[in-house]
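Below: one structure, written as structure tokens.
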């Protein structure tokens, strides 16, 4: 029919004979494809009908679109419209995305988000067979959430037709209730089983499902009520003589459990029952009401908090643990895990409780299995699972398969692989009967040790650039087993030789470990040989090794052995002391060299300062150039609250300027002597500056004040521009920008709030961009009273859910990088590292939702090319900062003290330049008032030889006459 329609439509156009047939076939394929798509959407709409009351409107919309699409399909042969092309483009786009997701899963099957996206697209396209297979594969690797299970179950229920399909749905329900304890899934299970009551054994099946549901979630205080009511309604609908007693039993069982809305259940029981309620039931009901009052604070805390509510669940678990009811403890753990399934510590605590208290095999192993499926990157869960399987006598083959799965779980640290290998090797060692000279288990143990060493050397070292076992702990354990349990010292010595050749020969503790093994299971000759080698090789604690050798020869050795030992130890210790002395001299020479360089820089600055003073006395026309030159030194210095202690916004008055021959300015310059007046522009700036009121900093208001720095020097009216920005945090009392004596803004200010909480909220604006520069916001702290105070916003320890990316192109934006990163998981935060000017440094930190997503992103993104730049990606683990040694510590240890100007607050710089502002290096006539605290101690005066001589006007005139 479609072909005929296509032929009739093509006749007026006088197409060739072969043309209409080809066009007709193509249109028929498109029409069939459209009908299949409409059918799949209709099935999906029918499926979603059970998901909630909000689906009625959607269903109506789908029905209307169905009619349009069917009409379009019927007329597609004659007049393909815009809808058909839209669907074709959408379908083609979805198919390409499906192929991409399938390829990505073939590379990394543990990509959770990729599984979810693939299922969604396949379901949208109506690929029922493929979506079923995709769900099956995902359920084998990960436990599915309640939403994913309900979606799957509703799809299968809508397609079930005969008894075999019903059995398949039953199997899915059984898998669903094992992943998590979800009341909604149990309720769906019970209601679906009611539909099969007409089959053989249907009644027993329904009752079995409801009884299991009550034992699993019947104690749930907020959601258990629905299951009890559903079970009672089912029993009430059955026409049997014994149904009354069954309903009575259900009422009595329910009233003995603390549940929400118990009063209504009791009233319903009174109304339903023809006889009076027994006293025992009333007593149990009153007791349950009392228990309900104890549980209500914890339940209300859960209702008021937002997901995942981990802290509230932890408090609830602690309360249940004190009461000690195993059923309720198990239930609260399961409730917490539904929302916090990716928290390894919660799984560890739950499995530990089951291992030590309940010790039920099926329950314990089920929880351990679910734990590793939820958090496969956590090695502690795998180790505990192996122990639990061994404890409950699981077959060796099953344990070995589980261990192989652990190796493929994708741990994020090299040490994790060492830990899982140790757990497995310990298990294999406990299987061996060492009373036999040789056995299959012993050979398997030795083969496992050899494989572990090879695995760490190749697989782990290739991935992490380290084996994770620098001390060769696995090899040491192997040597102990060979020596103590197998009496094979020859093999143990070979292993220890390998250990020493891997960079451990310089450590005294390694040699002493080997020596103790020889003492316990070897002979004196090998002990002596080991200690002699240790004396020659040890570099960390050679005195200890020498002492052990001399002690052994004193108790067991001959005179010749004693003489040899004394000679070797004395020679070795003399060489060690000589090396240490040379190292100390070299260090002292370096310190002296740094002091000399600092002294040279100090003299050079003093000479330059004197030269500038001489130039200033030659005329006012030279002053502008000198000030510009001075500004080059101080312009880029970030001003901290304690670096320049003086009166804020202070400048000498007009009369004072004329009376003072010299006065220290904010950059250490001397004021102009009474000569020619400055330019009109500078007079105007100075007059504006003099008009500003002098405001002394009040240290008592530090708690409501924040210090803002790294602002642009070109900012006009900074107080007016910054006030709207900070008013979002609270009422701003005052903004005090700091200006130089020339009226130039110095790039920092103080912001005073009315309330302390506003100041704390303002700290969150740190690094906010203001006119293209990151604004630094820090607490207002007097560093003279708190010298160790430091503000650093970000963590400096290992963060397994955060990535550090280097090698990024400077043109890469935050949005571009986020698009790349969010493919591998949910990006919670992304920060591009910039310098003080706001320019990118090619570095970034990316925070994911959990450790699993971060580990997957590392494997996928490391070595990726972005705009011709190859980036490096690793788990965020910043190196520890070296804390500079304080002068007091050097003085106490007797070592030479470097000049205070040699090192700055951040230690010795690479350029060896003194970055201390000149205002703090030069003496001033009077100690300036502090901006944020008390005035600093007076500086050491500059030698008189470098002082510029004071000149009168007559002397100044003679200089010009000489020329």
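The count begins at 1 with the first shown residue.
Glycine is no exception: its Cβ is also placed from the backbone N, Cα and C atoms.
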Query: To which of the residue ranges 1-36, 109-144 does TrEMBL assign the term region 'Disordered'?
result: 1-36
Field: region 'Disordered' per TrEMBL - which of 555-574, 675-694, 695-714
entry: 675-694
Query: What average pLDDT does the predicted model assign to the domain 'RRM' (801-878)?
result: 86
Query: For the domain 'RRM' (704-782), DSSP counts of helix, strand and coil?
result: 20 helix, 32 strand, 27 coil
Query: Can you count helix, strand and coil residues in the domain 'RRM' (801-878) using DSSP?
result: 22 helix, 32 strand, 24 coil
Query: With DSSP, how much of the compositional bias 'Basic residues' (602-617) is helix, how much strand and how much coil, in residues?
result: 15 helix, 0 strand, 1 coil
